[in-house]
Each structure stands twice: as C-alpha cells, then as structure tokens.
Amino acid sequence: MSGKTRRLMVMAGGTGGHVFPGLAVAHHLKDQGWDVLWLGTADRMEADLVPKHGIDIEFIQISGLRGKGIKALLAAPVRIFKAIRQAKAIMRRYQPDVVLGMGGYVSGPGGIAAWMCGVPVVLHEQNGIAGLTNRWLAKIATTVLQAFPGAFPKAPVVGNPVREDVLALPIPEQRLTGREGPIRVLVVGGSQGARILNQAMPEIAARMGDKITLWHQTGKGAKESVQNAYDNSVKCEHKITEFIDDMAQAYAWADVVICRSGALTVSEVSAAGLPGIFVPFQHKDRQQYWNALPLEKVGAAKILEQPQFTVDAVIELLTQWQRPQLLEMAEKARSAAIVDATEQVSAALIDAAKK
C-alpha cells in the first residue's frame, strides 16, 4: 500500500455521541495523510457538522424504527435493502481501504455494504451497553473496540475519542489548586437539554445562595423559561446559555458538573478531570447508568438516577463536597480517563487496512 493515499470511510450519525468521536479519528488520520469520506444521513446533525470540519460527506436514506407504526415496520426490509444498495454504490465509487462504524442508523447498512464489498470493518461502541446495530455488525466486523468494559466480552477497551482541546486542559492539580470562592457548578443538559435539570437547578441555586455560582446550559428552546426561573428566585451568580460552543472553556471554569451520562459526556468529564453528578437518562437497558458507573466506582462521581435526583439530594452533595474533596475527585476522574483513545482507534484502522 506504499505510495497510495489510504482511504477511510467513517459511518456515524444522529447524535454528537456518535459524530464527535468519529471526527476526532478522522482529523487524526487526515493529519497522517489519509483521505476521509463520511457516510451519513441528510436530515441529521452530521449533514451540517461534518462539512464544517472540512470532510466530504455522502448520504444514504435510513431512519430508526423505534416507536414507528406497523406500516413502517412492514416496509423496513425494503428501506434497509435500498440503503444497503446506496451504500454499496458509494463504497464502490470511493473504494475505501477500511470503514469505521461509530454508530447511528447509517452504520447498519453501511457496515453490511462494506462487508459485501470486501472492505474491512472496524466497529467502535461508545456506550457501556452495546446498541442493537453494533451487536449485529460485530458478527461480521474485522475488529471490534469498546469505550467501556462490558459492551462486548472480549473487545479491547480503548475509551472514547474526545476533542483535542479537552485533552489539552491543565491537569486538575494545576487548574484547581488555590481556587477560592463559591463552588462553580456547570450544568449540562446536552443539545436537546434535560428537563429534570432545567426544572430542579433553579430551586437548588435559590436554596444554596452564594455558596455556589452556576453556568447552566439548557438545550434548544428552553433558555427563556429557565432564565426566568433563575431571575425570579436566585441570588447567586448565574449564567444561562442555550448551547456551549467551547466545552473545553466550560470544563476549565467548573469545579463540578451536573449532567446526563451519555458516553461522550462521561468520557469528556473524565478527560477534563472533573467531579460529576450524573443523572442517567431512563432507558430500558440503563445504558447511561453503565456509562457513568466506572467513575462512581473510583470515587470520581455520584450517580443519581431520576427518582433519586431531588433538590435535597443535590444540595446535600454540593454541601458535603468542599474544595479538598473536589480536587481529590477531579484527580480520580482524570486518572480513570483513557487519553489516547483516538490513537488506539486509529491504530486499529491502520492495522485492519493492511489485512
């Protein structure tokens, strides 16, 4: 393969948890001279985000089946077959040396198409519980990687690729030693927000007063109502934003983060070296609970599932956690991070491309 520009196809879409780790790997291999093409869907976030990162993208037509009616389920085989055919056409035109499946609806047809075309398939499972698509694709994949132990019994644990600016933050000892004043609480609801955080945090802030200062990211469409709730009752310093464009800056500012426990969020909080209060989204397989559990086990975080996430419970934790303990927890979080995940995934792709 010497002298030939190697080609990677990244299959990922739908949510930031799939797309951002894929972008980290794509940029890493582009820096090593690889050519990268993204396979996505035209109506999800990757359609807008990936081109902004200077990466070409092509689309297939596929969507999820969960919650759809009987007609959609009956039509599913035809839709899936069509998506596989579209992916095969793109695959034959681009001729990748290897494909990387990061999850999302696009990975299923894309992975099958790659296998049918004889292209090595490397899968990366971001969550502590494997999704349905990756469980199926694991049977035909050349290599299977996992971010957290337990998703697959024998797959190497490589962590989640996270953004370079998060990895570049000063370690907790440098960042937090000598910091004084109210505890800085970062509340992150994700791009879609988290209603339970938006509802509870203004009351928590009102009762804690000047013991804390807050930066609360509400998610799309919730800023005005949350801002009003804070302004009507909260005396402490607070900043309310719909989105946070620079998460590294937010992590650097914070002493503790309160958030959902999506796979990428957990990995970023760990890499940044921050204590966390994780509020897993309630799902039948408890995926977000399993994502956060390793950090709770090492003493870097506390999991409060939704029935336990009460105003009193959060106030009790924030009152107990004084700065020496927060620093200790931050150091444990950073120690638990796998900071070379991008390099490990890239190495697996390079190896698979040689086979």
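Yeah, the Cβs are placed from backbone N, Cα and C, and that goes for glycine too.
Straight from Swiss-Prot, the features:
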{"type": "BINDING", "residues": "THR15, GLY16, GLY17, ASN127, ARG163, SER191, ILE244, ALA263, LEU264, THR265, VAL266, SER267, GLU268, GLN288", "note": "UDP-N-acetyl-alpha-D-glucosamine binding site"}
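Mapped onto this structure are the features recorded in Swiss-Prot.
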residue	record	DSSP (3 states)
THR15	UDP-N-acetyl-alpha-D-glucosamine binding site	coil
ARG163	UDP-N-acetyl-alpha-D-glucosamine binding site	coil
ILE244	UDP-N-acetyl-alpha-D-glucosamine binding site	coil
LEU264	UDP-N-acetyl-alpha-D-glucosamine binding site	helix
| Cβ neighbour count within 10 Å of GLY17 (UDP-N-acetyl-alpha-D-glucosamine binding site) | 22
| request: Check the binding-site residues ILE244, LEU264, VAL266 for other C-beta atoms within 10 angstroms of each C-beta and report the one with the most. | output: VAL266
| field | Nonlocal neighbours by CB distance (under 8 Å) for ARG163 (UDP-N-acetyl-alpha-D-glucosamine binding site), same chain, sequence gap 6 or more | value | PHE20, ALA24, MET247, ALA248, GLU268
| message | What's the number of neighbouring CB atoms sitting within 10 A of the CB on THR15 (UDP-N-acetyl-alpha-D-glucosamine binding site)? | response | 20
